[in-house]
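Written below as structure tokens is the structure these notes are about.
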Amino acid sequence: MEGKMSWTVADAVDYKGFPADRSKTGGWMPAALILGIEICERLSTMGIAVNLVTYLGGTLHLPSSTSANVVTDFMGTSFLLCLLGGFLADTFLGRYKTIAIFSIIQTLGTGTLALATKLPQLRPPPCHGSHTCKQANGFQMGILYIALYLIALGTGGLKSSVSGFGTDQFDEKDEKEKAQMAYFFNRFFFFISTGTLMAVTVLVYIQDEVGRSWAYGICSVSMFVAVLIFLSGTKRYRYKKSLGSPIVQIFQVIVAAINKRKMELPYNVELLYEDTPETSRIHHTDRFRFLDKAAIVGEGDLERNVGPAAAPNPWKLCPVTRVEEVKMMVALLPIWATTILFWTTYAQMMTFSVEQASTMERSVGGFQIPAGSLTVFFVAAILITLAVYDRLIMPLWKKWKGKPGFSSLQRIALGLALSTMGMASAAIAEVKRLEVARATGASATTETLPVTVFILIPQFFLVGAGEAFIYTGQLDFFITQSPKGMKAMSTGLFLTTLSLGFFVSSLLVSVVKSVTGGSNGGQGWLADNINHGRLDCFYGLLAVLGVINFALYIVSAVWFRPRKSKPAALQMDTIVNGSSTAENKC
């Protein structure tokens with residue numbers, strides 16, 4: 001019997017619900033089947049996002065500011081829905097069903113988008129002269145929004161579960177499988193990078209030179225094939241039971257504390273309720289003492305329901321450890337808030353920077369670089385920065401400081417600083433572009449200006465290098481400084497900075513357009529035609545906001561009291577290799 005049990009995985013079951021047989025389930029092959037879903041998700045989402053602004057402006061004839069907001073709202077919603085997907089996976093569906101359902105939803109979304117860009121009835125007629133452009137009507141925009149937000153919903157569900165279900169295929173208690181998991185992390189990061197590179201090069205080229213409907217059709221078909229491949233491994237997967245959503249646990253503490261807001265805290269913290277096993281307890285701290293009221297034992301709180309395993313109502317009484325977990329999450333919020341602006345800066349790389357590129361000389365020999373493919377420099381900057389940091393900076397830093405690399409807070413600071421420099425560089429490049437536009441009398445964004453697009457490379461590289469630092473820094477920070485039982489929740493909190501960054505971008509664009517509408521000859525900073533606007537001022541505003549935000553971040557970082565890190569658990573190379581994995585957990 002003991003020999004037989006050694007072939008089972010303690011915390012996993014097979015598709016029939018029996019203990020998972022180690023020899024027949026899990027391991028690298030089932031995990032590899034899951035990777036196809038991820039590369040197709042990246043191909044679809046990034047391939048649409050980086051080049052959508054040119055379609056909205058050039059084909060649907062929307063103003064530049066409106067086009068930018070459509071893209072940033074789409075991306076922001078994609079990341080925000082990751083929380084919904086994670087909640088459904090943790091509480092109701094499980095990761096397998098969540099992946100299957102939401103990948104089908106994304107397939108429907110890309111298919112709908114292919115039809116929306118193919119059928120003439122779903123787009124306005126072409127322009128005949130500079131003043132006869134008819135904008136897309138409500139019905140045409142409605143079909144587009146249905147397609148985009150089906151894709152966003154699918155992305156949110158997938159990103160919440162793909163990496164987690166992949167790691168479920170390995171047993172961390174087995175040394176051989178633990179090593180295989182590290183290999184899976186490497187491949188996961190590689191597949192995300194591959195999907196992104198294919199999106200900003202091959203897919204964008206097909207959109208511009210062959211047809212958008214063909215490109216989006218490829219996305220839909222590839223996702224459908226990936227779903228079939230994923231389902232083919234049903235009998236080989238390992239499944240782990242859902243443990244419930246930590247969001248509910250957080251609300252339980254908050255509700256209990258609010259209900260007991262008028263009660264006085266005991267003079268001795270030992271009188272607060274605690275039922276957590278000694279080995280798992282978190283010691284009481286003096287911060288955010290209001291939340292301690294959730295652990296005050298009131299009249300009737302200790303009355304238990306029928307059954308030996310029954311416990312007090314968690315909406316009325318919470319143990320000290322649960323309260324301290326919520327305190328730890330609250331302590332993350334200042335750092336969380338001051339990293340949102342980076343992703344607002346990031347949003348410009350897929351909107352206004354692409355629109356800038358579309359007006360500039362992009363020829364290399366006889367080849368015309370698609371405007372959306374300029375983001376390849378952004379992806380290259382990320383990979384180069386990670387490689388240089390891993391192979392050069394980390395060894396030197398270890399020799400000098402005796403530490404394996406910059407701390408998570410230092411990396412976040414570097415990311416914020418580089419993104420601010422990127423916006424300053426973008427403002428300078430736009431000044432040059434506008435000078436050329438005015439000198440040549442360019443009246444339309446479709447006119448190619450005699451200025452090389454490569455003057456935009458510094459802004460892509462600076463913001464890309466900034467993402468390499470801030471992404472890994474945020475990931476490290478939110479994983480190591482969160483409670484053990486809320487790792488997925490804290491990663492979801494990290495992902496909301498991306499979501500809110502895109503939404504803040506949309507809000508900022510709307511506010512700037514409204515406030516500056518009477519300036520610049522009535523055009524404002526963000527004119528419908530960027531050749532008549534002052535995009536340089538908008539970039540300058542983002543740079544100034546970046547400086548102010550950086551100062552607030554420094555104050556927050558000094559105030560924050562970090563937990564003691566676990567040796568070698570989250571060195572930079574581990575974070576880099578596993579970054580995309582944690583990205584997709586919500």
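Even glycines carry a Cβ here, placed using N, Cα and C.
Here TrEMBL flags 74-93 (among others) as transmembrane segment.
If you look at the transmembrane segment (100-119), the same-chain residues 6 or more away from its ends with a CB under 8 A from one of its CBs are 37, 41, 44, 48, 55, 59, 85, 93, 140, 143-144, 146-158, 161, 211-214, 216-217, 219-220, 223-224, 226-227, 230-231. Annotation comment: TrEMBL describes 100-119 (among others) as transmembrane segment.
Within its own chain, the transmembrane segment (139-158) is flanked in space by residues 37-38, 41, 44-45, 48, 60, 70, 74, 77-85, 88-89, 98-99, 101-110, 112-113, 115-116, 122-124, 584, 586, which lie at least six positions past its ends and keep a Cβ under 8 Å from the stretch. According to TrEMBL, the transmembrane segment annotation covers 139-158 (among others).
Within its own chain, the transmembrane segment (188-207) is flanked in space by residues 35, 38-47, 50-51, 55, 163, 166, 214-215, 218-219, 370, 372-373, 375-376, 378-379, 383, 576-581, 583, which lie at least six positions past its ends and keep a Cβ under 8 Å from the stretch. The transmembrane segment feature in TrEMBL is assigned to 188-207 (among others).
What TrEMBL lists as transmembrane segment is 213-231 (among others).
Among the features that TrEMBL reports, transmembrane segment is placed at 330-349 (among others). Listed by sequence, the residues of this chain that lie at least six past the ends of the transmembrane segment (330-349) yet keep a Cβ under 8 A from its Cβ atoms are 68, 71-72, 75, 287-288, 291, 375, 378, 409, 412, 415-416, 419-420, 422-423, 426, 459-460, 463-464, 466-467, 470, 474, 477-478, 481-482, 490, 493-494, 496-498, 500-502, 504-505, 508, 539, 542, 545-546, 549, 552-553, 556-557, 559-561.
Annotated transmembrane segment per TrEMBL: 369-389 (among others), in sequence order. Away from its own ends, the transmembrane segment (369-389) comes close to residues 50-51, 54, 193, 196-197, 200-201, 204-205, 207-209, 349-350, 353-355, 357-358, 362-363, 405, 453, 456-457, 460-465, 467-469, 472, 572, 576 of its chain (Cβ-Cβ under 8 Å, at least six residues beyond either end).
As annotated by TrEMBL, transmembrane segment applies to 409-429 (among others).
The transmembrane segment annotation in TrEMBL covers 449-471 (among others). Tertiary neighbourhood of the transmembrane segment (449-471): same-chain residues 339, 342, 345-346, 348-349, 353, 356-357, 359-362, 369, 371, 374-375, 377-386, 389, 406, 411-412, 414-419, 421-423, 425-426, 429, 432-433, 436-437, 440, 442, 579, 583, selected by CB-CB distance under 8 Å and a gap of 6+ residues from either end.
The transmembrane segment annotation in TrEMBL covers 492-512 (among others).
For the transmembrane segment (538-560), the list of distant contacts is 331, 334-335, 337-339, 341, 344-345, 348, 352, 409, 412-413, 416-417, 419-420, 423-424, 426-427, 430, 508, 512, 525-526: same-chain residues at least six beyond its ends, Cβ to Cβ under 8 Å. According to TrEMBL, the feature transmembrane segment maps to 538-560 (among others).
Cβ atoms under 8 Å from those of the transmembrane segment (409-429) belong to residues 335, 338-339, 341-342, 345-346, 348, 353, 356, 455-456, 458-463, 465-474, 476-477, 536-537, 539-540, 542-543, 546-547, 549-550, 553-554, 557, 560, 562 of the same chain, restricted to positions at least 6 beyond its ends. Same-chain neighbours of the transmembrane segment (213-231): 33-34, 36-37, 39-41, 43-44, 47-48, 99-100, 103-104, 106-107, 110-111, 113-115, 117-118, 203-204, 206-207, counting only residues six or more beyond its ends whose CB sits under 8 Å from a CB of the stretch. Distant neighbours of the transmembrane segment (492-512): 65, 68-69, 72-73, 75-80, 82-83, 86, 159-160, 329, 332, 336, 339-348, 351, 474-475, 478, 524-526, 538, 541-542, 583, 585-586; these residues of the same chain sit at least 6 beyond its ends, with a Cβ under 8 Å from one of its Cβ atoms.
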